[in-house]
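Visitor: Okay, here's the structure, questions in a sec.
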Amino acid sequence: MKGQQKTAETEEGTVQIQEGAVATGEDPTSVAIASIQSAATFPDPNVKYVFRTENGGQVMYRVIQVSEGQLDGQTEGSGAISGYPATQSMTQAVIQGAFTSDDAVDTEGAAAETHYTYFPSTAVGDGSGGTTSGSTTAVVTTQGSEALLGQATPPSTGQFFVMMSPQEVLQGGSQRSIAPRTHPYSPKSEAPRTTRDEKRRAQHNEVERRRRDKINNWIVQLSKIIPDCSMESTKSGQSKGGILSKACDYIQELRQSNHRLSEELQGLDQLQLDNDVLRQQVEDLKNKNLLLRAQLRHHGLEVVIKNDSN
């Protein structure tokens, strides 16, 4: 495995592995394994892989991806190494110290070389003090003698992943404790902002408060207009319902009084007409009386007017 990695990294700074090639020619089953279509395992066309059998016919596979930065002359050796059988579940555990300092000096860029190691929990879950297992994937970053816990970088960043058996990785490596992340994720603390619903609620409350104030003012004015309420309000607090009830009674009384006054006004109008007719009749009688007196004087008769009071 280590020799394959060196050969891939030292030949003119590029890694060239044909899709479906067999890593070990000794296994007769490798040819059948290499015929598996790439779309079934890795839908990304940029990922190349090689299948091989190991330890009793268990299928292991190696995936290599070269970024454009490495082809342009960037530092080689930066990559990710991960391994798990193709037939097992994806539940993985982290094994610390998978690469020792002796393994790291085999290449020219060993001082800055970074490895990300993945292992299935079923293969390394027994007797591992620094092993963690779960549905999520943990990553051990090994740089020289220090080990840091980080997250796996997606393949789009250009790193490559090498899958191998756990026995090849664990030989000669001592386990170390996993350190926490150097740069923990800290969500941005935003100042509390008033949401649209809160603004709408505050505006609605303000409108309701103004409406209640207006209603209270009108009720106070009614209590001042109604005679009974004005006296009771000075003695004890008058309820709004009592004020409105007395206001309704007072309005009913006013309506009845107005109706009665309208009827009396109609009677007065009729009396006025009768009075005018009587006055006209009195005037006519006076004129006739004067004519009769004039005729009596013409005939030599004197008219003596007797006073009833005498």
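Backbone N, Cα and C atoms are what each Cβ position is placed from, and that goes for glycine too.
These numbers come from a predicted model, not from an experiment.
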Visitor: For the annotation region 'Leucine-zipper' in Swiss-Prot, which listed range does it cover: 51-72, 139-160, 271-292?
Guide: 271-292
Visitor: For K306 (SUMO2 cross-link), list the number of other Cβ atoms lying within 10 Å of its Cβ atom.
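Guide: Around the Cβ of K306 (SUMO2 cross-link), 6 other Cβ atoms lie within 10 Å.
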Visitor: Averaged over the region 'Leucine-zipper' (271-292), what pLDDT does the predicted model reach?
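Guide: Value for the region 'Leucine-zipper' (271-292), mean pLDDT as a whole number: 94.
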Visitor: What does the DSSP secondary structure composition of the domain 'bHLH' (199-254) look like, as residue counts for helix, strand and coil?
Guide: 51 helix, 0 strand, 5 coil
